[in-house]
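As given in Swiss-Prot:
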type: BINDING; residues: N7, E383; note: Mg(2+) binding site
type: BINDING; residues: K14, H208, L209, G210, N211, G212, D282, F283, R284, G330, V331, G332, E333, N334; note: ATP binding site
type: BINDING; residues: R91; note: substrate binding site
type: ACT_SITE; residues: D148; note: active site, proton donor/acceptor
type: SITE; residues: H180; note: site 'Transition state stabilizer'
type: SITE; residues: R241; note: site 'Transition state stabilizer'
Amino acid sequence: MKVLVLNCGSSSLKYQLLDMEKETVLAKGLVERIGLEGSRLIIDLPGREKIKKEQPFVNHEVAINAVLEELVREEYGILRNLEEITAIGHRIVHGGEKFSGSVIINEEILKAVEECVNLAPLHNPPNILGIRACQKLLPNTPQVGVFDTAFHQTMPRKAYLYGVPYYWYEKYGIRRYGFHGTSHKYVAYKASEILGKPLNELKIITCHLGNGSSVAAVKEGKSIDTSMGFTPLEGLLMGTRSGNIDPAIVTFIQEKEGLSAAQVNDILNKKSGVLGISGYSDFRDIEERASAGDDKAKLALEMFCYQVAKYIGAYAAAMNGVDAIVFTAGVGENSDVVRKEVCKYLEFLGATLDEEKNKIRGKEAIISTPDSKVKIMVIPTNEELMIAKETLELVVNK
């Protein structure tokens, strides 16, 4: 059984075709600069060089159609025909309070996703365009929506509500939603598998650290708290996002600099975080600059690691203990520097890092010492596989 996973951004489309019997990737790639000049399609087939094709893609429908044409191209030998695709799984950023799990898409579901647009004005519209395009191009293939926010819908009210007038929540849905849910869920499940213990007996803190970063407290298989909030701007200092700041800074800086609300929003989302501190948004550059003696890069790295450690400490308290701490995503999987810096704050928990084991990159491993009371782990995330699994489960069991 083959599942096509799609992740539609405002001007991009990432795709992956998976063979679910072996859980292997048959093809993956992306279409970039949709609707802009210089758009191109990239096809990445196992064991072959990447194929790049520059051509105009005016919208998502044209882009998806081009991807489907490539998947059935005879010379690649991926699919004989499009009927071989059992189902399509769509990554949808925001499901609000409407969705606490993945769903088979129909008109009613699509309408509910459209109602969440005001919560994710940049992300949900292209997700919807991708679904509509697939309905047109593959009308008989079932489609499933997998929501970034769904995993965190198990948070209790004390964790998801803010200390603002209650009617803001009732009228506008202002609350903590959390993001990266598919990733947090995948690595929590994987951790229980590696540890050989049932998920419902574990307290796990998952650290999804990349250009966008979030930490989650997963108790007995359920998310009970997470660092991102109403939007993905809350929580940790990130590549270009500020993370937590005093809300009064917003009005203060608007007055001082004569900025509009939209301008401040743009600065906090795109010009802040480690970029604002150091001038670099890529953690690889920051590590390089820091080791070369760049003071601002060093500061940005210290701030980031300090904040990750603070969240881990807070979530250990929220769960009244922790069995495992998992590092995942681009920085979490590949930066031994970040992991070492974070873990030096965690000895009070009985979490001890094995510096030799910590040298690994992008591989599954337990990197704590044998006598560490808390297991420290690296688990590469695989959101596409998680989306494909949930898609297939729904389609097969419907």
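Heads up, the Cβ atoms here are built off N, Cα and C, so glycines get one too.
Given the structure is predicted, the values throughout are model-derived calculations rather than measurements.
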DSSP, reduced to three states, assigns V331 (ATP binding site) to helix
Within the same chain, the residues at least 6 apart in sequence whose Cβ is under 8 angstroms from that of E383 (Mg(2+) binding site) are R91, T182, S183, Y186
Integer Å value for the Cα distance linking L209 (ATP binding site) with R241 (site 'Transition state stabilizer') is 13
Per DSSP (three-state), R91 (substrate binding site) is strand
Around the Cβ of N211 (ATP binding site), other Cβ atoms within 10 Å, all chains included, total 17
Sequence-ordered list of residues in the chain of V331 (ATP binding site) that lie 6 or more positions away and have a Cβ within less than 8 Å of its Cβ, or none, is L209, G210, S213, F283, V338
Cβ neighbour count within 10 Å, max among the recorded positions K14, R91, H180, R241, R284, goes to H180
Sequence-ordered list of residues in the chain of E333 (ATP binding site) that lie 6 or more positions away and have a Cβ within less than 8 Å of its Cβ, or none, is F327, R361, G362, V378, I379, P380, T381
Of the binding-site residues N7, K14, D282, R284, within 10 Å of R241 (site 'Transition state stabilizer') (CA to CA), in sequence order, we find none
Recorded positions N7, K14, H180, N211, R284 vs D148 (active site, proton donor/acceptor), shortest C-alpha separation belongs to H180
The rounded CA-CA distance in Å from D282 (ATP binding site) to H180 (site 'Transition state stabilizer') is 19
By a 10 Å Cβ neighbour count, the lowest-scoring of the recorded positions D148, D282 is D282
